[in-house]
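This report concerns only the one structure given below.
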Amino acid sequence: MPFALGQRWISDTESELGLGTVVQVEGRMVTVLFPATGENRMFSRAEAPLTRVTYNPGDTVESHEGWSLTIEDLTEKDGLVIYHGIHSETGEQVTLRETLLNHNIRFNKPQDRLFAGQIDRLDRFGVRYQCQMLRHKLATSDLLGLQGPRVGLIPHQMWIAHEVGRRYAPRVLLADEVGLGKTIEAGLIIHQQLLTGRAERVLVIVPDTLRHQWLVEMLRRFNLRFSVFDEDRCVEAYADHDNPFYTEQLVICSLELLRKKKRLDQALDADWDLLVVDEAHHLEWTEEAPSRAYQVVEALSEVVPGVLLLTATPDQLGHESHFARLRLLDPDRFYDYDAFLAEENSYKDVAIAAEALAGNAKLPDAAINSLTELLSEKDIAPSIRLIQADGIDSDVQQAARSELLQELLDRHGTGRVLYRNSRASVKGFPKRFFNPHPQTMPEQYLTAARVSSMMGGHKTLEAKAAQALSPEKLYQEFEDNSASWWKFDPRVDWLIAFLKSHRSKKVLIIASQAETALSLEEALRTREGIQATVFHEGMSIIERDKAGAYFAQEEGGAQALICSEIGSEGRNFQFASHLVLFDLPLNPDLLEQRIGRLDRIGQKNDIQIHLPYLEDTAQERLMQWYHQGLNAFELTCPSGHVLYAEFAEDLLNVLVGDDADELTNLLNHTQSRYKELKHAMEQGRDKLLEINSHGGDRAKAIVERLAQNDENTQLIGSVIRLWDIIGVDQEDKGENSIILRPSEHMMFPTYPGLPEDGVTVTFDRDTALSRDDIALITQEHPLVQTGLDLITGSETGTTSVAVLKNKALPAGTLFLELIYMADASAPKSSQLYRYLPPTPIRILLDKNGNDLSAKVDYASFDKQLSAVNRHIGGKLVTASQPILHPLFAKGEEYAQAAVDELVIQAREKMTTQLTGELDRLESLKAVNPNIREEELEYLRNQMQELNTYLDASQLQLDAIRMVLVSHV
C-alpha cells in the first residue's frame, strides 16, 4: 500500500479508534496515530488492516476546528488529498487538507462505511437482514408472549393468558380447580405484560412456603429473574435506595413481610404495574372485621393498576369471601354483598341461553326469548335467522353462535374478571381410585381416650373431633416418649407392608401434623430401612426443595415423601401416582388440595388413593362422609366448602359421638344436598363461566398456531446461523439438544445470558418439558433476543459487496440493494409496535434507478451471489461511486413512499381497532358495570399518543449490498 505522512486511514478491526493519521513510514512498517484516543498502532505496510479515507464531490466533511465543507472538487499533492468547496458558515470558497479533518469521525452510517471501504462479509449482511425480519415478525404476532415459556400447549391456559395478557392493567381472579395450572396462567400473563411493555414492575405475594418455588418456576418456565425479598434483603437494599423495593423490577415476597407497616408503606410507594397474589383464599374478610392480610392486599390493590388473584377455592354460589376477592379487583363494581347475591339469581337464564348457543342444535324458543331479552339493545334477529336456517354453511352458523355468545359473556356477570375452569370442561385428567384399608383400633389408643374423657376439661366440639381423628396425638400427651406410638399403630404396619410391595413406585404420604410426618419417617427408616424424606413447615425453603428433589430423583432417590399439611399447598408431584392419606383433614378443600398434588394436568397414570383408617372410630365416620356424602375421593367436589359449612355441627357431633342413626341421617342429608348443589351449579353461573374460561374452539386454534410455530424449521436455521456468525460454540448433544458455550473468537466480548460454562438448549418443546436442565429456544427466548440485539445494534452486516455470475446480463451491470428501517420512537408501553413495529423495507435498484424488489425476491437473489474480499470490494465501490450517489437518493425516495404507506396503514389499523374496542366497551358499560372507566380512558389517551408517535415516524438506512455482474 502507498503510504504518505499526514494521510488519513481507518482501522478495519478497531473502527472505534476514529480517523487515524500516518505519522511514520519506515522500511516495511507504518505507524498510525489515532488522535481521538491518543493511541498509536504499528502495522506491516504490506498487510495493514487499514482503509484509506477519501471523500467525493457532494460529501460534507468536518474540519478539526469544527466547521464543515461541502466538497466540490479534490486534488492530490505529495500523496495527500486536498478538498475544495464551500465553507458552511461563511459561504466562501475554501480548501481543506485531509490532515486537518476532524479525527472524531466514525463511519457508522452504512453509506459512510461503504465509501470508507469498511465492507462486511456477505453472510453477515444476510444474517442482519434475517435478524430484522425476525424482530418484525415477533413484534407483529398476536401470540407475543405465549410461544416462549417452557410450558405445555394446553388450550384453556393459553386462552386465559391470551385474553387477559393483552389487556391494559388486567384485574382478574384466576380460580381454576386444583390441578389446572393457575401458576402457569399467571406466569404467562406476567410474561406477556413484560414482553409487550404493558408492565415493567411486578410484585408477587405468596405464602412463605412458596417463595422459592415461585422464584424457580418463573425462571425455569418463563426466563423471568425475580428477586425474593425478606427482612434481611430489605435491610441490605438500604445501601442502594431508601425504598428497598425500588432496587429490583420483579419481586417476590410473603404476606408476613408486608404485615409490617414500614414495609407495607414502602411497597405502596414503589410504583408497581402488576400485583399477583397467590393462595388468595387465605384472605379472610367480613364487612365488620377484615383480616390484616386482606387489608394489606386491599391497600396495594388500590394503588397498583393491574391485579391477579390466584385461588383454588372460590365459593361457588356467592359466598362472602368470594365476593370479598372480587371486591379487591373492582370495589366500585362489587360494592354491596346483597346486591351481588341478587345479581347471581339472574345467572340461570343467562346460563340456559349460553348452553344453547354452545351446542350445535337449533335454538329452542325459550333460549331465543332469553337472548332477545338479555341482548335487548342489539338487533340479534339476523344472527338468529342464520343459526336456525337449514342448508347454511356450518362455519357461518358457528360464527353467528360465537358472536352472540361473546355478546352474552361481555354483558353479564363476572365474565371479564373471573376465570374458572373445572375438570368437567377440561380433558386430559386421569381417573381417581379410592382404596380404603381398615385397621383394628389399638388398645393403647382406647385407654388414652378413656383417660382423657375421665380427666374432663372443657373443649370445643371441633377440638374434640380433631382429637378423635388423631389418636396418636392424644396418646403422645400421656407418653414421655412421643415416638412410641408408631411401634403399635397398625396403620404404620400397613404402610411399611405397602411400600415393600411397591418398591418401584413413588409414594406421596400426607399427614396433618409435622410431628406425625417426622415419626413416620423414623418408623420407616428404623424398622425397615425404607428411603423416605420429610417435608414440613419447620424446614427452610432450601431444605424443602432438597427433599422434593430427592423424592423426584429416579435413580437413588427416596421411595416416599412424607408431608405435613403444608405439603398439600403449592407443591406438585405428577411423577407419582400413589397417594397415602395417613389421616384425614376436617376440611373438604384441604382433602382436594392433598389429592391435587398428584391429580394435575401432566399426570400420565391413574391415581390410587390409599387410606389406612382405624375401624369404628371418627376416622371411619369422616371417611364415610367424604366418600358416600361428597364422593370427594374419586371426583372433585366444588361444593365441598358449602356442604361443610351447612353440615359442620352435625358432622362434628357424629365424629365425637357414636350414634349409627345420626351418621345414616347425616349421609342421607348430605347426599341429597350434594345433588341439589350439583344441579344448581350446572344450571347457574358456572356453565357460562366455563364457556368463557376454556375458550372452546378459539383456544384450540391458538394452540394449533403455537404448535405450528414450534415446527418452524426456518426459524431454527436462522437462529443457528445467528449463533454461527456471533461465534458461539455449538456442540450437538443427543438427537434434539445443543450445548452452547462462549468461544474465544466471538464477535462480541460478551453474550449476556450465556453462562461461561455453557447451557444446553433444544428447539423441541417435549424435550424441554421432560428435562429441567434444557432450555427451550423460541423467538422469545432471551438468548435469541439478545443475539438479535447484538447484531442489529452493531455495525455487523451493514455493508457488503457481492458478485452475480449471470451470463444473461452484461458484465459490469450494477445492482444496489438497500435495507431501510421504518420506525417511530415511542415507549414500549405505548403499544406502537402493534401497528408500526420496526419494519425492514427492501429496495433493489438497477443502474437506472428502477426498483426491482417486487420482481426479484430476497432469497432467490441471495442464492445467486458470491462473496468478494474486502480489498477488491473497496476498489469496486470506489470505481462505482459516480453511479452510486444518485442511486442512494433514488432509493430513499422509494423507501419514503413505502414508509408513508406503512404509516397510513398503521393509522387505519390503530383507529379501526381502538375505536372498535372503545365503542364496544362504551356500549357494554351501559349494561355491564364490570367495564372500568380506567380502561376507556386508557384507550382514548392511547389513540392520541399513537397518532403523535406515528406523525414522527422515521426512515433509516440499515444495510447496503452492492452487486456487480461478472462472467468470470
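Easy rule for this one: first residue shown is 1, then count along the chain.
Cβ atoms are placed via backbone N, Cα and C, with glycine included.
In the three-state DSSP classification, V178 (ATP binding site) falls within coil. Annotated ATP binding site per Swiss-Prot: D176, E177, V178, G179, L180, G181, K182, T183, in sequence order.
Each residue in the domain 'Helicase ATP-binding' (163-332) has a pLDDT score, and their mean in this model is 89. Residues or ranges marked as domain 'Helicase ATP-binding' by Swiss-Prot: 163-332.
Summarising the annotation, Swiss-Prot assigns domain 'Helicase C-terminal' to 491-643.
The feature motif 'DEAH box' is assigned by Swiss-Prot to 278-281. Under DSSP, residues within the motif 'DEAH box' (278-281) fall into helix, strand and coil as 2 helix, 0 strand, 2 coil.
The sparsest Cβ neighbourhood within 10 Å, among the listed binding-site residues (D176, E177), is found at E177. The binding-site residues considered are V178, L180; of these, V178 has the fewest other C-beta atoms within 10 angstroms of its C-beta. The secondary structure of T183 (ATP binding site), as reduced to three states from DSSP, is helical. Long-range neighbours of G181 (ATP binding site) (same chain, six or more residues apart, CB within less than 8 Å of its CB): I154, Q157, R600, I601. Cβ neighbour count for K182 (ATP binding site): 25 (other Cβ atoms within 10 Å of its Cβ, all protein chains included).
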